[in-house]
Amino acid sequence: MTALPSGSVPAGGKQDCRAGEEAGIVRMAAAKVNLSLQIIGKRPDGYHELESLVVFADFGDRLSFRPSATVSLQVAGPFAAALKDTKENLVLRAAGGLLAGATFEGNPPGAAIRLEKGLPVAAGLGGGSADAAAAIDGLLALWKLPIEPEKLFELARSLGADVPVCLHGQASIMRGVGEVIDPAPELPDFSLLLVNPGAALATPNVFRARQGAFSKVTDWPESFADLKSFVATLEGRPNDLEAAAISLQPSVREVLDRLEALPNCVLARMSGSGASCFGLFATLQEARHGEAALQVARPEWWVRAAACRRQ
């Protein structure tokens, strides 16, 4: 489909919304994890066609929204310094897009937006895209805007390839250049260990460094009998950008090697265009054991165990 799945509304962090408190309206911009990412072709305009199984962790950035005369953005948190130019931040672009697409009596509304940046930047976890999606969702609630889902989808597409799936906020099969979103198969329970070696990778550079033929994809099963069968399916659907990312940032290889060596890690893979990677575990407790081990072995890395959001 070429829009948000029928009947859906933006899901990004809606369960974390608290209205009427000092913080105003709050949304979580959940980390996006590409469990698979296959490049299946290249369009005449230069963009690559892909297919990716996308899930969301129960951890991410946090955005709060309060009424104000103008739109402003304050960035805080451990990765705030990496966002040097807030004027070009996707959060403000999302706000501008919503205001441009609506009609108001009198002056348009404003919002004081605070972004607490807990996700690494340019890391393959969709942080900027998730922030934009959370901004759309939060500002819709703050400003009480009656905007059709189709227009929201077009705004999301204009902001970036990953923004539509982040706006949907549920496990999905993403195709095309991100504009085709279908429900994911019924997935087994699992948890994630997210790791970034302190390296940023620009997505265009990774795509340019990619070599080799395009992947051929087959239909996904409707469900999986257990985690073992799910992992077996994922092993046949790799991340086609992994080798290119490693050529640009060799530390990605070390992250994968250390994840693979952890007890109970059933799959280690890079997410998106890197440099973040994930390990797949049957339980959150097992993922936390891995988190503790990596924090000792590599204290300079960003390491986070997280559950996979079910919806």
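Backbone N, Cα and C atoms are what each Cβ position is placed from, and that goes for glycine too.
Please treat TrEMBL annotations as automatic predictions, because they have not gone through curation.
Listed in sequence order, the residues of the same chain lying 6 or more apart from Lys32 (active site) and placing their CB within less than 8 Å of its CB are Val54, Val55, Phe56, Leu125, Gly126, Ser129, Ala130, Asp162, Val165, Cys166, Ser271, Gly272. Look at TrEMBL and you will find Lys32 (among others) tagged as active site.
Computed over the domain 'GHMP kinase N-terminal' (89-170), the whole-number mean pLDDT of the model equals 95. Annotated domain 'GHMP kinase N-terminal' per TrEMBL: 89-170, in sequence order.
Taken from TrEMBL, the feature ATP binding site covers Pro120, Val121, Ala122, Ala123, Gly124, Leu125, Gly126, Gly127, Gly128, Ser129, Ala130. The Cβ neighbour count for Gly128 (ATP binding site), using a 10 Å radius over every protein chain in view, is 24.
There are 25 other CB atoms within 10 A of the CB of Asp162 (active site), with all protein chains counted. Annotation source TrEMBL lists active site at Asp162 (among others).
Residues or ranges marked as domain 'GHMP kinase C-terminal' in TrEMBL: 239-294.
The domain 'GHMP kinase C-terminal' (239-294): residue composition by secondary structure is 29 helix, 10 strand, 17 coil, according to DSSP. Around Pro120 (ATP binding site), taking its Cβ as the centre, 24 other Cβ atoms fall within 10 Å, counting all chains. Counting other CB atoms no more than 10 Å from each candidate's CB, the binding-site residues Ala122, Ala130 peak at Ala130. Shown in sequence order, Ala31, Lys32, Leu119, Gly272, Ser276 are the same-chain residues outside Pro120, Val121, Ala122, Ala123, Gly124, Leu125, Gly126, Gly127, Gly128, Ser129, Ala130 whose Cβ sits within 8 Å of the Cβ centre of the ATP site.
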